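A.B. asks: Below you will find the structure I want to go over with you.
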Amino acid sequence: MHCQLGGQARALIFLMFESCRNSWHVSPWSSVPFLPSPCLFFSFSALPFLHPLSQLIACRGSSATWLFPVSSGTLVLRYALAASPPRGTMRPSTNPRTAEEGRPWLIHATQTGPQTASVLSLFPAVNAGFFSACRQHRGGRPPCLLNHRRLLLGLVSVLTVFLSCLPFTNATVSPAALQDVCYAFGNISRKLSSFLVPSRVTCPRGATPLSGVEAQDSLEHPEIPDFRFLVYDVKNGEGFHLQKEVIYRVALVISLLNARSAQQGRMTDVHTAEKAREDRGHPQASHMLCASSSFSHACSARSTFPFFPMWVLVLPPWCRLAHWHFSEETITAMAENSWLKHVRWGTFFDFQDLGERLPVMEYEDFLTYQLMRPDPWGERRQRKEKQTTPVELDVVLSVRFSSTPSSRSLPFCACLSSRASEIADEQAQRDDVCCNVNDLPGCPQIHAALTPQERQRAPAQRGGDPREEIDEQTGEFNEGHNPSGDGEREKRKPGRRSDTSRSRKEIQEEAKVSDTWSGVSLWLAGFCETVRALEMWCASLYIADAPRIADLLWRSVAERPPGAIQTVWLKFGENLLVPWPDVLLDAHLLDMLHVHPKLRQIGDLFINKFLSNRDKTETGKGERASTEGGTEGDENLAKHGYIAAHLRRTDFLYLKRSVPLQRAAAYLVSRMKEHGVFKAFICTDGSEDEKRELRDAVRRVGDAASSSPYTVVFFDLPTVRRLMIKTLEASSHVSDDGSFHDLKAVETPGYSGPNHISLLLHPGITALIEVWIAARAAYFIGTKDSRFSQAIRWERHLMGHPLDSSLEVFCVDSSPDQTGGQAQGKCFATKSHDPPEGRSRSELRRKYWPSLDPSSTL
C-alpha cells in the first residue's frame with residue numbers, strides 16, 4: 001500500500017467505477033481544506049510532515065468502508081470504489097467514450113511545482129482522462145461502493161505493484177494548456193497548497209472560470225481559512241547558530257499542531273459518516289479507531305471546532321546578528337547588491353529539503369502572500385486609523401517561565417478571548433490565570449521590544465511599565481532589563497519614585513485611560529523592521545515545551561471566532577525548552593536543515609586543496625569520490641588528513657573563558673600527533689595577529705616534539721576567492737530570491753552579477769562553510785559553552801562521527817570543575833541534547849554522503 005516516490009511529486013488519483021451492485025456509500029470529505037467535495041473521496045497525496053497516523057485505520061460498517069494506510073515520509077494511497085457519480089459531480093474532459101460504454105475508468109492527474117502534469121494512459125482496460133473540476137453535490141443519491149471483497153483486495157494488490165513501478169516524472173505542459181489555468185494567488189499560493197494536497201486548479205472569486213468548463217461546474221473557493229502562519233524571532237543580540245537552533249523548537253510546535261489538525265479532521269469525517277448511517281437507520285459501528293503519531297483512541301467524533309487549517313512556519317529574516325562583522329568591502333558590495341544585505345534562509349540551507357519536512361516559507365514570501373491573498377472572511381476589522389507599519393499580525397505571543405503553585409498545578413493554559421476590561425477584572429479576582437491578554441504592564445518582555453513611538457504612548461494609555469522610566473530632562477528611556485527578562489535591572493536615578501512600589505490596582509486604574517485596545521508595535525528581532533500586533537498574549541508556564549505551546553495555541557485559537565486568528569507571532573522563541581533529540585527524530589525533524597549544496601562544494605574544494613594529505617596524482621583521481629562520497633569509515637577520515645578546532649576569542653577573552661594561545665598550540669600538536677595527521681583547521685574570530693601568533697606557536701611546539709612539520713590552516717577569504725576564480729569551471733550564481741543558478745563563463749568581461757565570489761563576502765556564509773569543513777575532520781576540539789562549537793558537534797553527530805571524536809574542548813585552566821570533566825589531560829563538553837549515538841545515521845547523512853553503504857558503521 002505504500003509507494004516511496006520523489007519528494008517533489010504531488011499525485012492525485014481518483015478511482016471510480018460505474019457499476020453499482022448495492023447500497024455501499026462514501027460520505028463526502030467536506031471538512032478538510034483544499035479537498036473539493038463530494039466527488040473527491042480519497043487521494044494519493046504527499047504528507048511527509050504531518051505524520052498524523054501511525055497505523056492502518058479501518059472504519060468499516062454496513063454503509064461505508066474506509067482504509068487509511070499511512071506512513072510518515074511516504075506517499076499514501078487512499079482509494080474508493082464507487083458507482084457513477086450524480087450528474088454534474090465529475091466532468092472528464094477527455095475520453096467520453098469511457099462513460100458512454102459504461103466501462104470502468106481511472107483518472108490520473110499529477111502536479112509538480114507550478115505546472116500541471118499531463119495525463120497518462122495507463123492500460124487498455126482503464127482509460128485516463130484529464131480531470132477538470134468538481135462542484136459540491138447539492139442533492140441526489142450519493143455514489144456507492146461495490147460489495148465484492150475479492151475485487152477490492154485484488155485492486156489493492158494490483159495498484160500496489162503498479163504504483164511502485166510507475167515512473168512519476170515532471171511532465172511538460174503546452175502554453176495553451178497553461179493559459180486555461182486561473183492562478184489564484186500566484187506561485188506562493190500554489191506552493192502553500194502543495195504542502196497539504198496537490199495544488200487546486202481553480203479560479204479566484206470573481207475571476208473567469210477555467211477554459212472549457214461551465215461556471216456551475218467549476219470548483220468554488222472554500223469559505224474557510226486555508227492556512228495559519230506562525231512567525232517567530234529571538235531576542236536581539238543572539239547569534240546565527242542560536243537562531244538556527246530555535247527553528248527545531250518551533251518546527252516541533254508546527255508539527256504537533258498539524259498532526260492535531262489532521263487528527264481532528266479525520267474524527268469529523270468519521271462523525272459525518274456515522275451521522276449519515278444513523279439517518280439511514282443503520283446501527284452505529286461497534287468500534288472505530290483514530291490515531292496520531294503518539295497515541296490511538298476510540299473516536300468520539302464530536303469536535304466543536306469545524307475548521308482544521310494547515311499551520312505554516314515563517315522563518316525570521318537575518319538582520320543584525322552578533323558576531324557578524326561586515327568589512328568595508330562587504331558594506332560597499334551591499335550598496336550594489338541588495339540580496340547581500342538580507343540573505344535568505346534558502347542561501348544558507350537547502351530550502352527544498354526543508355520544505356519536504358514541514359510547511360515553511362521565507363519571511364519575504366510571507367509578506368508577499370499577505371499582501372496578495374484575499375481575506376476569506378471579508379473585512380474582519382474596521383480600522384479607524386491609518387496603518388503605520390508595513391506588517392500587521394493578529395497576535396503576538398510571549399512565553400516565560402513561572403514557578404508559582406498555580407502554574408505548576410494547571411493542566412493546560414489558554415489565552416481567553418474577552419475585552420481588556422473584563423480580563424483585568426478577572427485577573428484581579430483570580431490567581432490562577434496563566435495568560436494575560438492585552439495587559440502590557442504584566443508583560444515586561446513585550447514592553448522591552450516596543451518601538452520608541454509605542455513607548456511614548458504606552459505610559460499614558462496603559463499606566464506605564466514598572467521596569468522602565470523616562471528621563472525628565474532628556475526624554476530618553478532608562479531600560480532596566482533585557483528583552484529576555486533574565487538580566488539584572490539597572491539602578492534607577494535617585495529622586496525618582498520606583499514604579500515597582502505602585503500597586504497593581506493603581507496600574508490597572510491608569511490603564512483604563514484607554515477605552516479600547518488598539519494594538520502594539522514591536523521591533524522584529526535584530527531591529528529588522530516594525531511589526532504591529534493587534535492582540536497580545538503573555539503566557540506564564542512552568543514547562544514551556546513544544547507540546548504545551550502547541551496546546552496553548554490550539555485552545556486559544558479555537559476559543560475565538562473562525563478566522564479571527566490567522567497570523568501568530570511567537571516573540572522570543574528561545575524561551576521554548578530544547579526538545580530531546582529522540583523526540584525530533586521521531587518527528588522527522590532532527591536532520592531537516594541541510595547545508596546548501598553550493599556551500600558544501602566550496603568547503604570540499606577547500607579541503608581537497610589545503611587539508612588533504614594525498615599527493616597530486618591521487619588527488620586528481622579521487623577528488624570526485626571524496627566530494628561525493630565523503631567519510632566512508634576510518635580510512636577516509638585519515639585520507640582527509642586533518643583535525644579541526646574552534647578557538648573563540650573576542651567576548652570570551654573578557655569573560656576569561658578562552659584558552660591561552662600557547663596552551664592551545666600544545667593541545668593541537670598533541671592531538672595531531674595522536675591521530676597521525678599534520679594539519680589542523682582552525683575556526684576562530686580572533687584577529688590576524690592572534691592567528692599569526694598561533695601559527696608560530698604550533699610550529700615551535702611541533703619542531704620540539706617531532707621532526708614532522710605541524711601546521712594550522714585558517715579559512716582565509718582572499719585565498720579562497722583566488723582559488724575559486726582559478727579552479728571553478730562553472731560558477732553558481734545567486735539570484736535575488738536566494739536560489740542558485742549555474743552559469744558558464746563567470747569571468748566574462750563586464751559581467752557584474754552576483755556569484756560565489758561576492759557571496760563569500762557575507763560573514764554568515766563563510767562561517768557556515770567553516771562549520772562544514774570542521775564537521776568533516778577526523779577529530780574536533782571545541783570551546784566550552786560556545787554555540788559555534790555545538791553546531792559543529794551537531795553536524796558531526798548527524799554525519800555519523802562517534803561522540804568521543806567531537807566532545808573534547810580546550811581546558812581553560814587545570815580545574816576539571818569548570819570544564820565539565822577532565823580525564824587524561826582532556827576536557828569534555830557536557831553531553832546535553834546531542835543526537836543519540838546509534839541513531840545518527842539519518843536522511844541527512846544519506847543526503848550528504850550518497851555513496852555511503854548503509855550497512856557500514858564508523
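In case you wondered, yes, glycine gets a Cβ from its N, Cα and C as well.
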A.B. asks: Could you tell me which of the ranges 151-171, 760-780 is annotated in Swiss-Prot as transmembrane segment?
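C.D. replies: Going through 151-171, 760-780 one by one, Swiss-Prot gives transmembrane segment for 151-171.
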A.B. asks: Select the most exposed residue of Gly237, Gly239, where exposure means the fewest other Cβ atoms within 10 Å, treating these as the binding-site residues.
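C.D. replies: Among the binding-site residues Gly237, Gly239, the lowest count of other Cβ atoms within 10 Å belongs to Gly237.
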A.B. asks: Do any residues at least six apart in sequence from His241 (GDP-beta-L-fucose binding site), in the same chain, have a Cβ closer than 8 Å to its Cβ, and if so which, in order?
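C.D. replies: Set apart from His241 (GDP-beta-L-fucose binding site) by at least 6 residues yet with Cβ under 8 Å, we have Arg787, Phe788, Gln790, Ala791.
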A.B. asks: How many other Cβ atoms sit within 10 Å of the Cβ of Glu795 (site 'Essential for catalytic activity')?
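C.D. replies: Taking all protein chains shown, Glu795 (site 'Essential for catalytic activity') has 23 Cβ neighbours within 10 Å.
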A.B. asks: Starting from each candidate's C-beta and looking 10 angstroms out, tell me which of the binding-site residues Leu647, Arg787 has the most other C-beta atoms.
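C.D. replies: Top count of Cβ atoms within 10 Å goes to Leu647.
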A.B. asks: Looking only at the topological domain 'Cytoplasmic' (1-150), what is the model's average confidence as pLDDT?
C.D. replies: 31
A.B. asks: Any idea of the Cα spread of the GDP-beta-L-fucose site, Gly237, Glu238, Gly239, Phe240, His241, His646, Leu647, Arg648, Arg787, Phe788, as a max distance in Å?
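C.D. replies: Taking every pair of listed residues, the largest Cα separation comes to 21 Å.
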A.B. asks: Rounded to a whole angstrom, what is the C-alpha distance between Gly239 (GDP-beta-L-fucose binding site) and Glu795 (site 'Essential for catalytic activity')?
C.D. replies: 17
